[in-house]
Amino acid sequence: MGRFIFATLGLLLVAFSINGAKGCCCPHDWLTLKGFCYKVFNEHKTWNDAEMFCRKYKPGCHLASIHSGEESTDLAEYVSDYLKSGGNVWIGLNDPQKKRSWQWTDRSQNNFYPWKQGEPNNRANNENCVELWSPLGYKNWNDESCASTRAYLCKCRF
């Protein structure tokens, strides 16, 4: 009897391990990338409203942080495929104290800044949020007024 229970528990452990190895569980309409799930939402919101939407969608979700050229390229391709009509897209980088000190809403490290040429420029002293720039294929960033409305990219773990 003891061996049966031990064998059963062993099989359950193997089954759970295999399930977990799938990169578990992004919803079918989300992009899975390096352990995270990403989704573009095309309902235009201000930057603050977009961040709040991501947070309410699931605890731990935020507007997307981007940390490498590879991640940026993969997300640019995903966003381009999803938003056929174009339009810039909010990400989770902002300057909450308006001192040109950029921070991710998920509190991750700032280590990658593919600004489009001439950016960030803080035009009209009012650009404290960051968007993926559509005319350059979503691979570069632009600072923009947080009150502007845009599509947005959420990043979660499920």
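Cβ coordinates come from backbone N, Cα and C, glycine included.
For 1-23, the entry in Swiss-Prot reads signal peptide. Under the heading disulfide bond, Swiss-Prot lists C26-C37, C54-C154, C129-C146. Look at Swiss-Prot and you will find 33-155 tagged as domain 'C-type lectin'. The Ca(2+) binding site feature in Swiss-Prot is assigned to E127, N142, D143; the stated evidence is similarity to another entry.
For the recorded Ca(2+) site, residues E127, N142, D143 set the reference point as the centre of their Cβ atoms, and the other residues of that chain within 8 Å of it by Cβ are E119, P120, N121, N122, R123, C129, V130, E131, W141, E144, S145. Counting every protein chain shown, the Cβ of C37 (disulfide bond) has 21 other Cβ atoms within 10 Å. Long-range Cβ neighbours of N142 (Ca(2+) binding site) (same chain, at least 6 residues apart, Cβ-Cβ under 8 Å): N88, W115, K116, E119, P120, V130, E131, W133. Neighbour counts of Cβ atoms within 10 Å were compared across the disulfide-bonded residues C26, C154; the minimum falls on C26. In the domain 'C-type lectin' (33-155), helix, strand and coil residues by DSSP number 31 helix, 36 strand, 56 coil. Using a 10 angstroms CA-CA radius around C129 (disulfide bond), the recorded positions that qualify from C26, C37, D143 are D143. Among the recorded positions C26, C54, E127, C154, the residue whose Cα lies closest in space to that of C146 (disulfide bond) is E127.
Of the recorded residues, D143 (Ca(2+) binding site) and C154 (disulfide bond) place their C-alpha atoms 18 Å from one another. Checked against C54 (disulfide bond) by C-alpha proximity, the recorded positions C26, C37, E127 yield C37 as the nearest.
E127 (Ca(2+) binding site) and C37 (disulfide bond) have their C-alpha atoms 28 Å apart, to the nearest angstrom. Using a 10 Å Cβ-Cβ cutoff, C146 (disulfide bond) registers 20 neighbours. Per-residue pLDDT, averaged over the domain 'C-type lectin' (33-155), rounds to 96. Classification of C26 (disulfide bond) by DSSP places it in coil, neither helical nor stranded.
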